[in-house]
Amino acid sequence: MAGEKAEKPDKKEQKPAAKKAGGDATAPRALPAGAVKKSSSKAKKLRKSKPHCSRNPVLVRGIGRYSRSAMYSRKALYKRKYSAAKTKVEKKKKKEKVLATVTKTVGGDKNGGTRVVKLRKMPRYYPTEDVPRKLLSHGKKPFSQHVRRLRSSITPGTVLIILTGRHRGKRVVFLKQLGSGLLLVTGPLALNRVPLRRTHQKFVIATSTKVDISKVKIPKHLTDAYFKKKPLRKPRHQEGEIFDTEKEKYEITEQRKADQKAVDSQILPKIKAVPQLQGYLRSQFSLTNGMYPHKLVF
């Protein structure tokens with residue numbers, strides 16, 4: 001008996017070992033780390049190999065086989081339930097209506113007792129002629145308040161090629177932008193006979209050539225009003241002078257001549273300091289056979 005008692009604890013000790021062995025048998029076998037990575041990479045490849053296909057095959061680029069209503073039924077979009085997003089907007093308080101009339105009590109047995117009276121009385125007299133009311137402009141500003149933008153390629157001192165007008169094809173020096181958005185340019189006059197004048201930036205080609213005019217002082221009175229042409233007076237026919245009348249001709253003022261000399265005297269030394277720049281400004285721009293404007297580099 002003593003021997004059997006000694007053997008029993010051995011069996012108990014073996015049972016948990018058996019359970020562990022049984023547990024190991026049911027559990028999945030451990031695989032090497034490389035095998036796990038390979039299996040995961042294969043799964044990713046399988047997922048990537050299935051591209052998403054549209055249920056509406058394309059007949060021609062931008063045109064599907066089925067219409068929008070047909071695809072609505074094919075996708076069963078009618079089964080979806082849409083709920084509008086809830087907004088936390090406070091309800092606007094209703095303004096109290098201003099009463100236009102007031103009921104007042106009236107004495108007398110035959111007057112009805114009450115009478116409706118307007119708070120705002122109508123005018124006693126009306127205008128004989130209709131005066132037009134000024135309508136509110138919906139964000140439209142007058143031309144004087146428009147924003148003046150200048151092309152990034154046009155900076156003070158840039159040599160420009162004029163494309164329209166009597167000086168088309170000539171190269172000029174840009175001085176500044178005026179209040180109306182027009183460009184103030186000069187030839188100078190001694191080189192290519194282009195005086196101080198205004199031109200629009202749409203009809204100009206900006207070149208990469210520049211003249212240093214940082215120290216050039218431009219008179220402040222050179223504005224749009226300065227260059228605006230004054231209307232010439234037409235002479236009235238008088239008795240005996242029907243055929244002898246002459247039209248008034250435009251003449252350059254002494255102020256214009258003085259301003260032209262003042263500006264050109266400062267720019268000409270800057271131009272002469274750069275070799276071949278005088279000849280470049282004297283020459284005119286023109287296109288010949290085989291020259292394409294969109295391929296030229298100015």
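Every residue gets a Cβ built from N, Cα and C, even glycine.
Per Swiss-Prot, compositional bias 'Basic and acidic residues' is recorded for 1-16.
The region 'Disordered' annotation in Swiss-Prot covers 1-56.
The SUMO2 cross-link annotation in Swiss-Prot covers Lys5.
The annotation compositional bias 'Basic residues' is assigned in Swiss-Prot to 39-53.
There are 9 other Cβ atoms within 10 Å of the Cβ belonging to Lys104 (N6-succinyllysine). The N6-succinyllysine annotation in Swiss-Prot covers Lys104 (among others).
On its own chain, Ser137 (phosphoserine) has no residue at least 6 apart in sequence with a Cβ closer than 8 Å to its own Cβ. Secondary structure at Ser137 (phosphoserine), as computed by DSSP, is coil. Annotation comment: Swiss-Prot describes Ser137 as phosphoserine, evidence class similarity to another entry.
For Lys217 (N6-succinyllysine), the same-chain residues that are 6 or more apart in sequence and have a Cβ closer than 8 Å to its Cβ are Gln266. According to DSSP, Lys217 (N6-succinyllysine) sits in a coil region rather than a helix or strand. According to Swiss-Prot, the feature N6-succinyllysine maps to Lys217 (among others), an assignment based on similarity to another entry.
Lys249 (N6-acetyllysine) counts 6 other C-beta atoms within 10 Å of its own C-beta, drawing on all protein chains shown. Positions annotated as N6-acetyllysine by Swiss-Prot, on the basis of similarity to another entry: Lys249.
Comparing Lys249 (N6-acetyllysine) with Lys104 (N6-succinyllysine), their Cα atoms are 79 Å apart once rounded. Classification of Lys104 (N6-succinyllysine) by DSSP places it within a strand.
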